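According to TrEMBL, the protein has these features:
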DOMAIN    1-180  domain 'Formyl transferase N-terminal'
BINDING   11, 12, 13  N(1)-(5-phospho-beta-D-ribosyl)glycinamide binding site
BINDING   63, 88, 89, 90, 91, 105  (6R)-10-formyltetrahydrofolate binding site
ACT_SITE  107  active site, proton donor
SITE      143  site 'Raises pKa of active site His'
Ligand code: GRF
């Protein structure tokens, strides 16, 4: 199974995938890691000897042109799956259609609650006692696609956004690997 992983940040979810592949517990090939900006995730790819690419929105005249460039770049690796592992950009419907039901996203909240870029902050502000992580297929909405897996994480009394997000990420790293493993055995 050929996977392209897209990142925007520290890349700890990417790292959990790379570690699982290296350990032989995930039968997949991470053929490239892409990003919308230089970031730690891209460094992790080069440390692992994996091809990386950055498609900067600022290099294109508009959102559509950036989407087409990203789409072609991803397609050039002929992936079976594209994993958005902390990729913080919204892609357009055409890109989603090109890889229909083959883009996986991980979101740090229990969807359909708290979609969007601030899932952890919004859950905390709402006062929920349980939040978590969702791994889902990407459709043309924002965090609306079919849910593949979820894990719950309790909110503790003294949590702030950072402590809560860190505990969610611990679950997220495991859930992402398990979900992709399941797709590999039962696509
Ligand atoms: C993850 O919690 C992801 O769901 C969210 O941003 C975080 C990225 O973490 N959108 P990392 O870059 O994998 O460390």
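Using N, Cα and C of the backbone, Cβ positions are placed for all residues, glycine too.
Any TrEMBL annotation is an automated prediction that lacks curation.
Features recorded in TrEMBL, as mapped to the structure shown.
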residue : record                                                  : DSSP class
11      : N(1)-(5-phospho-beta-D-ribosyl)glycinamide binding site : coil
88      : (6R)-10-formyltetrahydrofolate binding site             : coil
105     : (6R)-10-formyltetrahydrofolate binding site             : strand
143     : site 'Raises pKa of active site His'                    : coil
(message) Quick test of your reading of the structure: among the binding-site residues 11, 12, 91, whose CB sits under 6 A from ligand 1?
(response) 11, 12
(message) When DSSP is mapped onto helix/strand/coil, what comes out for residue 63 ((6R)-10-formyltetrahydrofolate binding site)?
(response) helix
(message) Near residue 107 (active site, proton donor) in space, meaning Cα within 10 angstroms, which of the recorded positions do we find among 12, 13, 63, 91, 143?
(response) 143
(request) Sorry to bug you, but what's the C-alpha spacing from residue 143 (site 'Raises pKa of active site His') to residue 105 ((6R)-10-formyltetrahydrofolate binding site), rounded to the closest Å? (result) 8
(request) Taking only the Cα atoms, work out how far residue 90 ((6R)-10-formyltetrahydrofolate binding site) lies from residue 143 (site 'Raises pKa of active site His'), in Å, as a whole number. (result) 10
(request) Determine the minimum-neighbour residue: among 12, 13, 105, listed as binding-site residues, which Cβ has the fewest other Cβ atoms within 10 angstroms? (result) 12
(request) Among 88, 89, 91, 143, these being the recorded positions, pick the one whose CA is nearest to that of residue 13 (N(1)-(5-phospho-beta-D-ribosyl)glycinamide binding site). (result) 88
(request) Note down the number of other Cβ atoms within 10 Å of the Cβ of residue 91 ((6R)-10-formyltetrahydrofolate binding site), including every protein chain shown. (result) 22
(request) List, in sequence order, the residues of the same chain other than 11, 12, 13 whose Cβ lies within 8 Å of the centroid of the Cβ atoms of the recorded N(1)-(5-phospho-beta-D-ribosyl)glycinamide site. (result) 7, 9, 10, 14, 15, 16, 41, 44, 85, 86, 169, 173
(message) For a quick check of understanding: among the recorded positions 89, 107, which residue's Cβ has the most other Cβ atoms within 10 Å?
(response) 107
